[in-house]
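Structure first, then comments.
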């Protein structure tokens, strides 16, 4: 089932788990503002990154996100976090579909990653899109 069907959700995307800005500011900022975001008629908040589910879960735990205790983890929320849910995009399919795939500086060894953006999705349709300023080095999206 699609997590956005019949719901109003915020998805924010970032270059990578465990990276400095994403770890110190980006995800923690959304976690801190979670209740305020939910008060704007938002059902769910997702953090998307071009990482696998295992990395995303460990990153969430490393950042101290509160994990729900249940016997079954959803593939879309591998850490079962209570507030901001992590959304792994290991094959970069969602990111490419959004046209936000890019290549960062080669000395970082990142390869293909996501540009920073946030989007409000209302019943599987984009309601609002906010994109970080700057120049996308190489875009692999449509």
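Residue positions begin at 1 at the first shown residue.
Placed from the backbone N, Cα and C atoms, the Cβ positions cover glycine too.
The local packing around residue 22 (active site, cysteine sulfenic acid (-SOH) intermediate), expressed as other Cβ atoms within 10 Å of its Cβ over all shown chains, amounts to 20. TrEMBL lists 22 with the feature active site, cysteine sulfenic acid (-SOH) intermediate.
The domain 'Redoxin' annotation in TrEMBL covers 1-135. Across the domain 'Redoxin' (1-135), the prediction's mean pLDDT works out to 89.
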